[in-house]
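Note sheet for the following structure.
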Amino acid sequence: MPAQAGRWGRFSEHQARQLQRQVQAKEERIVELEMENAVLHLRLAQCRGMTGEAGSAAAGLCPRCLEQDPPRRSTPPAAPQLHRGVQKLKQDIKALRASSLAAFRACWEHLQDGLSAVEAAVQGAQLCHQALLAWQSKVGQLERSLQEADARYQLEKQKRRVLHNRLVELKGNIRVHCRIRPLLPFDKEFGDPASQDSSVPAGVVHAIDDETVLVKCAQPAHPLINKTYNFERVYGPEESQQVVFGDVCPLLTSLIDGYNVCIMAYGQTGCGKSYTMLGPHSKEERIPPWGPHSDLGIMPRAAAELFRLIAENPSRRLQVDLSIVEVYNNNIFDLLAKARGMAASGCRREALTTKDARREVPLLTREPVHSAEDFVALAAGSLRLRAELATLVHARSSRSHLIITATLTRGPAAGGSPADQQAERPPLEGRPASGSRGGASCGRAPAGSPGAQQPKEQVHAKLQLVDLAGSECAGVSGVTGSALRETSFINRSLAALADVLGALSERRGHIPYRNSQLTHFLQDVLGGDAKLLVMLCVSPCRKHVAETLRCLGFGARARQVQRGQASGGSPAPRKPR
């Protein structure tokens, strides 16, 4: 509204200047007409003088003509000629007077029109001024109303954050979902009796409802035993990727509100973890097409939703930095640094714990991303470097734990007041994830200066997407040599993750985060008030029922964890902002 008031003021000034120029032009025209009138009066006086002189000359000639002798009277008289000249002069004077009067009347009418226009312009300017004052008053009222509405909006936004966090907490800060993959062609090749013999039920794992999983445990010479497990959500084989992401999407709102979020896929090899998290394998480097019916996994869909939420409120000034690591043989490797051509030895990183009990990974590469397409393209380039191996269970078995971390940072406010900055922070209820750059888990590493930290940036929250390597039995997968060593490290790290969750559920004084680089790296999202979703991926095959039961038991243990109750090995609680 101030801009509109300014435009009204500039319009009034422009109209006043235009009217002044018109009045000045009228005045100049009046002066010209007055000068022409004066010239005409002068010429009229001259003509009158000449007429007087001619009359005098005629009066003087008449007596002299009478005195002439009769022969001279026969000459043509000069008086008629003079009389005609005088009459002509009188006619000219009359015409000159008429033209002068007409010019004077036209000038007078022109002057009257100019004065009327000036008077109307002055009245219009007064009306515009009054309208401008009224608009300024209305603008002031609207500004006050806007301030009141903004205050109510900030209050409602705080209430929404609190209510959304309560809703998430009611569902559980640690939520466990279970997804049963369908039977696939390679199950038949692997020799599963359920896929070869039509008389055998097609699968031993079934979704009874949205929250219950039934496992039929049949052993030779033993009665059939049915085991059931309850989770927050259970997806049957027919559930689509879009349905799965629909239950994940609310966590991204918590991320924007300032809470750390972790989405983790857990399960045995070949049960669909990578498909759920990343989507189908593709040899093409381009990003797959976006669409509601595509097979995109949680990672690309979460990237799209994240940038959509950021675009809804640009005033937050949130920026997204991406880091990608793999935990291979209990070592952390920076895949972004590896993608730049750095040697494997130079890509190795280590998770450290600072004096204030925060986890840090020095020299970890972080790349800024500005769109979902950049996010997915950068992740796809690093995924090609992930360790994989063909086993008897799966042709592309992942041999490392993949962790994609999106760090949301808020840059310094450009002219923002402390009250505005405070209004953008998460509510007082619940411990948010933000902290100073020095307490971040990793620093941005621009080209030429790995690990360099940018000043005056504040970590808002972190999103971690974890595709765990599959647990497997060496006898079933048929691995030997170095692959057997990889299997040992995978199973040990998954056992360490189960130990951490067990310690949290039992509220032990010490949480063994440092027993594995995997749990040490995920320390921020396993302890405290971060939102953790564990996606259990299980195979329906009878051949894998032992691993399926182990996976479901892990999920049942994770559900028992009550967040915010652990101490000792967990990070020190941070004060809410």
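The backbone N, Cα and C atoms fix where each Cβ goes, and this holds for glycine too.
Checking the ranges 132-159, 384-411, 468-495 against TrEMBL, the coiled coil annotation falls on 132-159. Annotated range for coiled coil in TrEMBL, selecting from 16-43, 184-211, 548-575: 16-43. For Ser274 (ATP binding site), the number of other Cβ atoms no farther than 10 Å from its own Cβ, over all displayed protein chains, is 27. A simple way to gauge crowding: the CB of Gln268 (ATP binding site) has 25 other CB atoms within 10 angstroms, across all the protein chains here. With a 10 A radius on its CB, Gly272 (ATP binding site) counts 21 other CB atoms from all the protein chains. Confidence for the coiled coil (132-159), expressed as mean pLDDT, is 88.
Counting Cβ atoms from all protein chains shown, Lys273 (ATP binding site) has 27 others lying within 10 Å of its own Cβ. Counted within 10 Å of its Cβ, the other Cβ atoms near Gly270 (ATP binding site) come to 27, all protein chains included.
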